[in-house]
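Listed in TrEMBL:
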DOMAIN    37-473  domain 'Amino acid transporter transmembrane'
TRANSMEM  44-63  transmembrane segment
TRANSMEM  69-94  transmembrane segment
TRANSMEM  129-150  transmembrane segment
TRANSMEM  195-217  transmembrane segment
TRANSMEM  283-304  transmembrane segment
TRANSMEM  324-345  transmembrane segment
TRANSMEM  390-410  transmembrane segment
TRANSMEM  416-436  transmembrane segment
TRANSMEM  448-473  transmembrane segment
Amino acid sequence: MGDNAAVKNLHRQVFDVSADVAPAWSTCFDDDGRLKRTGTAWTASAHIIAAVIGPELLSLAWATAQLGWIAGPTALFLFSIVTYYTSTLLAACYRSGDRANGERNYTYMDAVSSNLGGMKVKICGWTQYLNLFGVAIGYTTAASTSMMAVKRSNCFHASGGKKDPCKISSTPFMLAFGAAEILFSQIPDFNQIKWLSIVAAVMSFTYSSICLGLGIAKIAESGKFKGNLTGISIGTVTETQKVWRSFQALGDIAFAYSYSLILVEIQDTLKSPPSESKTMKKATLVSVSVTTLFYMLCGCFGYAAFGDLTPGNLLTGFGFYNPFWLLDIANVAIVVHLVCAYQVYCQPLFAFVEKTAAEWFPDSEFIKKEYKIPTPIPGFSHFRLNFFRLVWRILFVILTIVISMLMPFFNGVVRILGAFGFGLLTVYFPVEIYIVKKKIPKWSTRWMSLQILSAACLVISIAAVTGSFAGLVEDLKSYKPFKSSY
């Protein structure tokens, strides 16, 4: 791919390295001239788990309640199988040509460009980066919701359980979250955030385990499993509402498994040998297996605990009663997770904008020049300051905060993003790229199987998008901008 060759030449020029001395510098740089990658299957798994097990886990009990004991767990399982399979297809396309020595595709767009080209590259780019932007907005909203829950809980108990309204605005909490993201957004690139992903993964397991434990405790307290085979009962909701809610539930589940939009970027952090595709497939198997286990447990036990009354955010179903300190820990873990996971999703978007700006203005020192700032932090001798990165990333975070204040929806935004991105980024593009790369003959059995899979998932995505918009319309009926409270 032409861009890869250009990058390789650029690095050789910057470091004044000729092909004759390549063996001497190969211990510090990879075959493309970039600094040696150090990622492993475990760091890739941490990135994936940080991206996948997020606040959307809290809505899976609600999704299971809409679909019932048969369709709910079945949907969770099938989405996991499809996600794993199509992720392995995409992972096989990280390099063009030979999977061990072919030219690298640094981003999802690069993979589409080198295999499909044309208008599909633009469609992929718009879909991917709009999704990443949307996730940033959704995470800001979700973090403020969890922070407000902690404040509300403490307020409730400080008043002795009296009917104290404890009205709390989300604005200060969104600003606090934004301040943290402004700081972390100055981390230069994806290769340097693996410690954030590890922290996020630990926090994911923390609040997932608390949700599971509280669900089991509530079942033990009531002495029975609630729910039924077909989901929420007609009467609790109308027949029309049940249809829309079932579609919305599919949107929740789709978003819960959506990480393919950053899969190639994660794969670009991996060292080789072994080949990046082999390592990525191992990381995908581990992370999807662990994720599905937690999704099944939290979704099913949450539904069994609450039945038809299962809330959209599982933690809110436990109220503000004892053990309130455990709920506070879960909500704090969610906030810490979101602070870290925000960067996992945003770093690819940051890199795209900065690369594009450098191509448009190749002679601009404001965009390209970096300044080494000494730091007293052990292991970090200096910080690389770039003024364009500093300014644009701060403006980006501010923009996500402002939009979050205008649209503090949780489930509605999550469903639309999940449904929209799942059909294209998780299924369609990986299938099309793989067919081209492997030169699978048209109308062959394998080609037909892949096309049927893609078409079926497209139908599911359309249904989920439709239901998600219906849910968003309901949210809009009771919302006033900048006046959200809890």
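Backbone N, Cα and C atoms are what each Cβ position is placed from, and that goes for glycine too.
Since the structure is predicted, the reported quantities are computational estimates derived from the model, not experimental observations.
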Message: Under 8 angstroms, Cβ to Cβ: which one of 44-63, 129-150, 283-304, 448-473 has the largest number of such pairs with the transmembrane segment (324-345)?
response: 129-150
Message: I need to check the long-range neighbours of the transmembrane segment (69-94): which residues 6 or more away from its ends have a CB within less than 8 Å of a CB in the stretch?
response: 60, 63, 104-105, 111, 115, 227-231, 246, 249-250, 253-254, 256-257, 259-260, 263-264, 267-268, 276-277, 280-281, 284-285, 288, 291-292, 295-296, 299-300, 303, 426-427, 429-431, 433-434, 437-438, 453, 457
- prompt: For the transmembrane segment (283-304) and the transmembrane segment (129-150), does the number of C-beta pairs under 8 Å, pairs 6 or more apart in sequence, reach 3 or more?
  reply: no
Message: At a C-beta cut-off of under 8 Å, are there same-chain residues at least 6 beyond the transmembrane segment (416-436) that contact it? List them, or none.
response: 56, 82-83, 86-87, 89-90, 92-93, 108, 111-112, 115-116, 120, 123-124, 127-128, 131, 134-135, 138, 250-258, 260-261, 447, 450-451, 453-454, 457-458, 460-462, 464-465, 467-469, 472
Message: I'm a bit unsure how to read this: which one of 129-150, 195-217, 390-410, 448-473 has the highest number of Cβ pairs shorter than 8 Å with the transmembrane segment (44-63)?
response: 195-217
Field: Spatial neighbours of the transmembrane segment (195-217) far in sequence, C-beta under 8 Å, 6+ residues away
entry: 43, 45-47, 49-50, 53-54, 57-58, 61, 184, 187, 294, 297-298, 301-302, 304-305, 314-315, 318, 326-327, 329-331, 333-334, 336-337, 340-341, 343-344
Message: I need to check the long-range neighbours of the transmembrane segment (448-473): which residues 6 or more away from its ends have a CB within less than 8 Å of a CB in the stretch?
response: 82, 243-251, 254, 409, 411-413, 415-416, 418-420, 422-424, 426-428, 431-432, 434-435, 440
